[in-house]
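J.: Pulled the feature table from Swiss-Prot, pasting it below:
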- 20, 179, 180, 221, 222, 223, 224, 225, 226, 227: ATP binding site (BINDING)
- 60, 147, 159: substrate binding site (BINDING)
- 286-364: domain 'PUA' (DOMAIN)
């Protein structure tokens with residue numbers, strides 16, 4: 001792990017921020033919303049607005065509020081009951097934030113997203129345009145996953161990931177992940193009192209992922225590993241990440257003033273174009289193509305397109321234009337991108353030179369399976 005030192009938080013220079021607030025920071029230990037806590041976050045974000053900063057808030061808490069409104073003491077396991085609780089609770093969550101921000105003369109907007117919204121290029125661009133319009137109008141967007149319609153197979157899984165995707169979507173300067181932990185430790189501090197705190201590191205450092213466990217409260221679903229991976233995602237759009245305790249007094253305003261709180265993960269990874277960022281942010285891939293060593297080298301080190309001659313195997317079913325993963329012979333993903341041929345056609349032309357595509361398929365739409373402009377090395 002490569003550590004860095006910094007006297008001033010990276011948040012102080014950020015003009016556009018995404019702040020993610022976990023369930024435990026807006027609920028009464030999972031039993032409905034904590035209105036005082038909601039007001040506390042609204043006050044801090046209002047202060048950031050006064051400084052000219054644009055803020056998007058990614059907030060959990062809908063299911064916990066729904067359970068309280070429905071009188072449920074135990075979190076249900078059935079998907080349809082969780083979705084019902086989310087639908088009921090989202091009303092309360094929006095009402096609470098609307099009332100809290102109104103105290104400071106600010107309007108709020110509800111944005112509910114699913115993975116399908118961000119996987120579809122047109123819907124992705126529409127969501128992006130809407131968020132930009134809201135920010136220009138001085139509105140505070142409140143973002144959450146659309147739990148009512150999402151399925152297990154296409155869930156973001158946690159709001160840490162959603163926060164990173166929104167960060168990339170709006171090209172934010174920084175992502176702040178607020179949790180019930182101080183930040184990142186080299187081991188779980190609840191099990192190892194001698195665990196050392198990590199104040200500064202580089203987003204995407206493999207050593208961070210290796211040492212991260214599933215630290216987190218019983219209310220939320222996001223452990224430290226999801227936060228580290230979220231920081232890695234955000235870094236590819238140039239955004240720095242801070243993982244800090246939401247229990248710290250006025251944590252957002254103090255970060256904005258330059259105080260170093262929590263773990264700061266600086267963005268040092270190559271910044272991808274908006275299109276390549278969209279490709280990289282796909283959480284659900286339609287299939288995989290297994291590449292030989294020569295093809296892997298061509299993608300990773302020569303910036304080449306993927307040709308059918310370098311494909312050893314096709315896994316899964318997909319159509320032309322789907323996002324497909326490229327993996328090496330050991331199953332490790334090395335790239336992903338838009339495929340030019342269906343899985344059925346790819347199986348027919350794998351291991352063949354591009355000059356044979358028309359003969360085998362009857363016509364050739366593209367000489368490449370994936371053009372280098374439509375793939376991203378991961």
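Residue positions begin at 1 at the first shown residue.
Each Cβ is built from the backbone N, Cα and C atoms, and glycine gets one as well.
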J.: Give the number of CB atoms, excluding that of residue 159 (substrate binding site) itself, located within 10 Å of its CB.
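T.: Excluding its own Cβ, residue 159 (substrate binding site) sees 26 Cβ atoms within 10 Å.
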J.: I'd like to know which of these binding-site residues, 60, 226, is least surrounded, judged by other CB atoms within 10 A.
T.: 226
J.: Taking the residues 60, 147, 159 listed for substrate, what is the greatest CA to CA distance in Å, to the nearest whole number?
T.: 11
J.: Tell me the residue counts in helix, strand and coil for the domain 'PUA' (286-364), as DSSP assigns them.
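T.: Result for the domain 'PUA' (286-364), in helix, strand, coil order: 28 helix, 23 strand, 28 coil.
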J.: Name them in sequence order: residues not among 60, 147, 159 whose Cβ is within 8 Å of the mean position of the Cβ atoms defining the substrate site.
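T.: Here the nearby residues are 23, 59, 61, 62, 63, 144, 145, 158, 162.
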J.: So if I draw a 10 Å sphere around the Cβ of residue 147 (substrate binding site), how many other Cβ atoms end up inside it?
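T.: Its Cβ shell of radius 10 Å holds 22 other Cβ atoms.
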J.: Could you measure between residue 147 (substrate binding site) and residue 20 (ATP binding site) for me? Cα positions, answer in whole angstrom.
T.: 17
J.: 10 Å Cβ neighbour count around residue 20 (ATP binding site)?
T.: 31
J.: Restricting attention to the domain 'PUA' (286-364), give the mean pLDDT.
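T.: A mean pLDDT of 96 is what the model gives the domain 'PUA' (286-364).
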J.: What number of additional C-beta atoms lies within 10 angstroms of the C-beta atom of residue 224 (ATP binding site)?
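T.: For residue 224 (ATP binding site), the count of other Cβ atoms within 10 Å is 25.
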J.: I want to verify one value. Collapsing DSSP to three states, which class is residue 226 (ATP binding site)?
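T.: Note: residue 226 (ATP binding site) is helical by DSSP.
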